[in-house]
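Participant: Please see the structure below; I have some questions.
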Amino acid sequence: MFFSRISTIVSMTALFASALAMPTTLTSRQDAICSSGNPQCCDVDVLGVADLDCEAPPAAYTDIKSFSDVCADVGKINMCCDLPVLGQGLICSSPDNS
């Protein structure tokens, strides 16, 4: 009985020590850039009402700058559109309010 308690204590200590010794890794995630809309890469913005030739960003982004860079890489501007319909964005705004 004494041996089983020592064995349990040693096992638990080893378990906790190995859990503490493992490094944590963080992965970047997308921020909520478009709080009330869908992120889109669009060709032309028409007075914030309609945007033409929109598509979902072709690559991952983590913040507004990287979202802008992803869209610029395909020759488009970054927009947040409330209603993306058939390649057109309706009621769109810039994610950085510029």
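From the backbone N, Cα and C atoms, a Cβ is placed for every residue, glycine too.
So Swiss-Prot lists these for the protein:
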type     : residues : note
DISULFID : C34-C80  : disulfide bond
DISULFID : C41-C71  : disulfide bond
DISULFID : C42-C54  : disulfide bond
DISULFID : C81-C92  : disulfide bond
SIGNAL   : 1-21     : signal peptide
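A description of the local structural setting of each listed feature is requested, covering burial, neighbours and distances.
Facilitator: Around the Cβ of C80 (disulfide bond), the number of neighbouring Cβ atoms within 10 Å comes to 21. In the three-state DSSP reading, C80 (disulfide bond) counts as strand.
Secondary structure at C71 (disulfide bond), taken from DSSP and collapsed to helix, strand or coil, is helix. All protein chains included, C71 (disulfide bond) registers 23 other Cβ atoms within 10 Å of its own Cβ.
Applying an 8 A CB threshold to same-chain residues 6+ apart, the list for C42 (disulfide bond) reads D51, L52, D53, C54, E55, C71, K76, I77, M79, C81, G89, C92. Mapped onto three states, the DSSP output places C42 (disulfide bond) in strand.
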Participant: Using all protein chains in view, find how many other C-beta atoms are within 10 Å of the C-beta of C34 (disulfide bond).
Facilitator: 20
Participant: Run through the Cβ atoms and count how many others sit within 10 Å of the one on C54 (disulfide bond).
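Facilitator: I count 27 other Cβ atoms within 10 Å of it.
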Participant: On a count of neighbouring CB atoms within 10 A, which of the disulfide-bonded residues C41, C81 is highest?
Facilitator: C41
